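Annotated transmembrane segment per TrEMBL: 28-48, 60-81, 102-126, 132-158, 170-192, 212-234, 255-276, 307-333, 354-373, 379-400, 420-439, 445-463, in sequence order.
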């Protein structure tokens, strides 16, 4: 084991860094991190109500379309993770493919995405638990519950990376059971009862008026948030590249395997929950957790609540991973002395080997977001726009500058599909941005997303005029 780890550290040194974090993650952990970060159950629990209220059950068929486009992005991200196998995500990739300034701005934006999404996911968790106990949380109660969940997650992450990964690995199995097993059960229940109503649900637009359903900015087009919110974060395993064994192969393969598995299982789950739905779809869409409501209604309280518990574990792990990835990004940017208070947030706690200060900062920002945001749908849409924008810029940079970083020996490569994947990813990100931003109700979260990018630009300007050498340091090392 010692020799392979030395080789991994040698690759890291080739990019200008010395190992500071323990390489405790193996190939399954890379798969598990991406699978849990995508978290089909979390995304569907979060957005199913938006789909029902905006386009009716028929809206679920945007899922395979969006997943196909997102898979193109995942392939580009996997290829990048193989060529530049170091922690830092978009920040490192763009700093080296283009320049440190653009890397900084995209890294900052992706940090904002992670922290906003973590809050959205914890809101989903709180509502799922509320559905299980058939209670309604007012705004104040919901805020307190979400803050409590966030603090517990931070304590786990500070205590031990290994412990956090074990929780995540457990969540992978609960995710598999809740999505695959319960998906099949719900399909069976829906088909066995209801006199054909279940199959009819798959094409129903109730409770939405079908007029203009297929228009460019019509009801169906609005459902792209279902897949675009859920099917993202496939680069999460790359955030822990410095803690992964053989990252130039383990991370890319984990990205691809988890992405394909999530796409297929998500479709099964969506069909299952939709076929099982009965009664007034307007009432289902208005429930605290529409998916939980259907499960309780069709499976009974015991089995339905068991399903919610399994999903709750997966949601908890998903949000914790969002924060973990954000904290590692803070740490990676601080390592290059480009984050506000870099000397503080680059520290690694000796007893646990975790970047505790970075984790605490990420948690504090999440609490501010919890208090500041009032509309759940705005959180969802902002969580779609930021990563799509980041992925779009990364895809363009990869298309034109990938030759600067040849494939490492033994590393993952797309081979002859490299160019096609990059072109497809570029086109897809433009389409998603048009479909989401073009809707009037999404203009406010679009401004929030733009504000995240702008705040990064402001700090870049501060560095540019007060400490320009910080922005040159990475460029010199990349050469």
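Just so it is clear, glycine is given a Cβ too, placed from its N, Cα and C backbone atoms.
Automatic, uncurated: that is what TrEMBL annotation is.
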- Go through the chain and flag residues at least 6 beyond the ends of the transmembrane segment (379-400) whose CB is under 8 A from any CB in it; none is fine as an answer. 46-47, 50, 73, 76-77, 79-80, 90, 93-94, 97-98, 102, 106, 109-110, 112-113, 116-117, 119-120, 123, 225, 228-229, 232-233, 373, 419, 422-423, 425-426, 429-430, 432-433, 436-437, 442, 445-446, 448-449, 452-453
- Best-packed against the transmembrane segment (212-234), counting Cβ pairs under 8 Å over 60-81, 102-126, 255-276, 420-439, 445-463, is stretch 60-81
- Query: Should the transmembrane segment (445-463) and the transmembrane segment (132-158) be scored as in contact, given a threshold of at least 3 Cβ pairs under 8 Å and pairs 6 or more apart?
  - Reply: no
- Message: Need a quick answer: max count of Cβ pairs under 8 Å to the transmembrane segment (28-48), which of 102-126, 132-158, 307-333 is it?
- Response: 307-333
- Item | Top partner of the transmembrane segment (354-373) among 102-126, 255-276, 307-333 - counted as Cβ pairs under 8 Å | 307-333
- Could you tell me what the rest of the chain brings near the transmembrane segment (102-126), counting residues at least six beyond its ends with Cβ under 8 Å? 39, 42, 45-46, 88-96, 137, 142, 145-146, 149-150, 233, 289, 312, 315-316, 318-319, 322-323, 325-326, 329-330, 332-333, 338, 362, 365-366, 369-370, 373, 376, 379-380, 382-383, 386-387, 389-390, 393-394, 397, 448, 452-453, 455-457, 459-460, 463, 471, 474
- What same-chain residues lie close to the transmembrane segment (60-81): Cβ under 8 Å, and 6 or more beyond its ends? 51, 93, 202, 220-221, 223-224, 226-228, 231-232, 234-235, 237-238, 241, 247-248, 251-253, 255-256, 259-260, 263, 266-267, 270-271, 274, 391, 394-395, 398, 402, 412-414, 417-418, 421-422, 424-425, 428-429, 431-432
- Residues sitting near the transmembrane segment (420-439): Cβ under 8 Å, six or more positions beyond its termini, same chain? 66, 69-70, 72-73, 75-76, 79, 216-217, 221-222, 224-225, 228, 381, 384-385, 388-389, 391-392, 395-396, 398-399, 402, 414, 446
- With the cut-off at Cβ under 8 Å and a gap of six or more residues from its ends, the chain residues touching the transmembrane segment (307-333) are 33, 36-37, 39, 41-42, 45, 87-89, 91-92, 104, 107-108, 110-111, 114-115, 117-118, 121-122, 124-125, 128-129, 131-132, 149-150, 153-154, 156-157, 164, 167-168, 170-171, 174-175, 177-178, 182, 233, 236, 239-240, 289, 291-292, 295-296, 299, 339, 342, 345-346, 348, 355, 358-359, 361-363, 366
- Who are the long-range neighbours of the transmembrane segment (255-276) in its own chain, taking Cβ under 8 Å and residues 6 or more past its ends? 30-32, 34-35, 38-41, 43-44, 48, 57, 60, 63-64, 67, 70-71, 74-75, 77-78, 81, 176, 179-180, 182-187, 189-191, 198-199, 201-202, 227, 230-231, 234-235, 237-238, 291, 294-295, 298
